[in-house]
Amino acid sequence: MVGAMDEYRGRGAPPPGRPPGPPPRRGGGPGWGQPQRPRPPGPAAQPPYPPPQQRPPYPPPRQVPPRRPRPLRRTALLPAQRGGGQGRAGAPPRRPPRPRPVRPRRSWGRRIRTALVLLVVLALGFAVYVDTTLARVPALPSDSAASSEGTNWLIVGSDSRANLTPEQRDEYATGAPESELTDTIMLLHTGSGPTTLVSIPRDSMVDIPGHGRHKINSAYGRGGGAEGGGPELLVSTVEGATGLHVDHYIEIGFLGIVSVVDAVGGVEMCVPEAIEDPKAALDIEAGCQTLDEATALGYVRTRATASSDFGRVERQRAFISALLDKATSPTTLLNPFRIVPLATGLSGSVAVDEGTHVWHLAQLGLAMRGLSSGISTTVPVRDGVVNWDKKRATALFDALAADEQPPENALGP
């Protein structure tokens, strides 16, 4: 039976015993004997669908004016774009912008060097200014026959009151301005040997050229100091008495001492004994102290001591040495509040020879600072302070003329 069924299936014919027709459906549908439901008519029997509605046409496109192209922003080219090829649209590539120059940072060393150069320039300019304001006098004789080694300075302290006001003369008890004498005379020798400072007592009897034998301090006045002849005659007198050639001349008056002491802020001195002298407006206690201008002037002028003129010469020598040491110290030279008044005081109250300049004065100050290891003495004398000890004085000045150290027995008094 099964085989017959398969045979009929293979042939496409219904199996035997079953009427031809569609197979029965499962469920509640009609079976084999039930009539089939009428099918809806096919597409040919149905009416055609209505035609689709057509969409309205789109409005015409809006006319927009063409945009102008924006300029390209200048930017640095990339490394790949820096070649020699063409840029956009065949245009050559733009050059990269030049870098701004970078200012090098100044180091502290360079600033310090610049400041030092400025200080040196200012110092040189100030030195030239001071040099032009120095009073110069014809002091060195052109027919000098003296000859010696080393360098010799003639340092003169004049008792001229010409530049003092009446109030200053009363304050310092200097008296009338008629005097034209040299109150202090010193010789400073520098060379290969030790620095030597020799004080010449002002009452020393010497030969004054053209005037005979007189006290050495009168040579300045006899030469007509007001006409400028005094310094030259004094230099000739000293050269004739000592045999030394004078290379530089410097003269300082009472006003100069007052101005310089005030400019440096006083001078430190160790006073060996108390001194009271109304004639010099001086009242000072013993001991180390700072002398102001009035006290310093009275200290170098007074004779109211037991040693009289010898003590006065020693005080003057010690004071001049201390004053020049203070004036040339770094605390004075590097302080504008000291150096400017000092230069002003020097220009108004110090006179030098025509060949001396401010740098020579600096050498003088350095030489005076070397006196601590040098020799400070007085011309050997006999019979008080009037006549020199000829033998000892000759030995002293001969040694200085040869630029040698003087023998011990040649030192005064």
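Including glycine, each Cβ sits where the backbone N, Cα and C put it.
TrEMBL has this to say about the protein:
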COMPBIAS  1-10  compositional bias 'Basic and acidic residues'
REGION    1-106  region 'Disordered'
COMPBIAS  13-25  compositional bias 'Pro residues'
COMPBIAS  37-64  compositional bias 'Pro residues'
COMPBIAS  95-106  compositional bias 'Basic residues'
TRANSMEM  112-130  transmembrane segment
DOMAIN    182-328  domain 'Cell envelope-related transcriptional attenuator'
Tertiary contacts of the transmembrane segment (112-130) (same chain, 6+ residues out, Cβ under 8 Å): 339, 343, 346-347, 358-359
Segment-level pLDDT (mean, integer) for the domain 'Cell envelope-related transcriptional attenuator' (182-328): 85
DSSP helix/strand/coil residue counts for the domain 'Cell envelope-related transcriptional attenuator' (182-328): 65 helix, 42 strand, 40 coil
